[in-house]
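J.: This is the structure I want to talk about, given as structure tokens.
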């Protein structure tokens, strides 16, 4: 008796041939199931099912091999991180520098002088870039007085000097200094001093301060999409090896929308950052290809590199490895702007930030991916479950550990507890968000392992708290952070160094 034939009438060799082609081509999910349902032999109705079992066994072995390779790579990263930890302990925390802020000035803020000092000097907590410094002087009527171009102190790039006009009359003067620190953070500081006597009425300078809230919003939009998109793409690429749908099938046009939002966010962020720089125009420098000036701002370089990489990401028809490589570079680029260049030793700061940014991207990307494929993940795909849980656990641990090490390099526990800056409260909020994420992840893991079911509500809340943690981290980079040195400095001298976030335009944590 012949068995019914749907599409193909195949012998055992024919079934084997199709199986081999399926395995080589990497056909996954519904495509594989569709083809297998069409395979019927004329000799034995059970032969296709035995071949299906063999196919699944080989697939599981390949999945395990990929997971083992990933765990081996993670172990190597852990070794590097452990070495970095011991270096932190050996170096100590006394090398941390506060976010660029004015530590002191001569004359001091509010000081009454008997004669013209001839020069005004200001010392900052980080070294400055010479072409990105401006000092403006205003009299008591708010009228600007022309000054010579400021210069950096020879042998000490953290101090800026400016010669005062010799014919200054008695009265109160206001000074506005705009600088860009070594790490690319624009900083504006203000002080007043009086010669002979204080003016009865002092008109504040008409300079408007840059609203850094817009900087935070657009930075969060652009860099948040890059981190989430990169993590989601890499996790989805791994998920395909376990028979799960491709990213294009999961989010469709969402890829193009996310790319467009990232491009727009970077463009707006560039112009807002350029507007906050009083000394120069980075846009003009870019149009004239002035690389010397552009290289003085790591954040500007990061924006340019990110923009170019996003354009390369939009090239169609490239091999899958091309897009994965571009995403890895995009994620990594976000660690090279801002504080990374203003903290010694620079190489250790960069290594920690690279690991932190990359693991955070993988963590958040994995959570969003699991929410998208939650129904498929509940169908007993044990190899994917084991792979996913190991990956997320490793990413979460590395994200937390690198975050702690970054604090040790950047500041110290004593300084954090002794201060009451906005940075501290953002740090506490970030810690609480991460703790809640870990608690939800623990409950979710137990449920998934026990009943093979996912609680989507918990996943959504875990993603929300992850977004809050990222926002807190970005906002922290906009504010001054405490160090032992600033805590011990006289209150008058540190008033500017502890400037609130509306005085700072710093980026990238």
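The first residue you see is number 1, and the count goes up from there.
Quick reminder: no glycine exception, Cβ is built from N, Cα and C everywhere.
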J.: Pick from 77-97, 98-118, 119-139, 140-160: which range has transmembrane segment per TrEMBL?
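T.: It is 77-97 that TrEMBL annotates as transmembrane segment.
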J.: Roughly where does the domain 'CopC' (99-195) sit in mean pLDDT, to the nearest integer?
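T.: Mean pLDDT for the domain 'CopC' (99-195): 85.
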J.: Could you put numbers on the helix, strand and coil content of the domain 'CopC' (99-195), residue by residue per DSSP?
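T.: When I sort the residues of the domain 'CopC' (99-195) into the three classes, I find 3 helix, 54 strand, 40 coil.
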J.: Let me spell it out: take the transmembrane segment (350-372), skip the flanking residues so only those 6+ beyond its ends count, and list any with a Cβ under 8 Å from a Cβ in it.
T.: 77, 80-81, 84, 227-236, 239, 250-251, 331-332, 334-336, 339-340, 388, 391-392, 394-396, 398-399, 402-403, 405-406, 409, 454, 456, 459-460, 462-463, 466-467, 470, 508-509
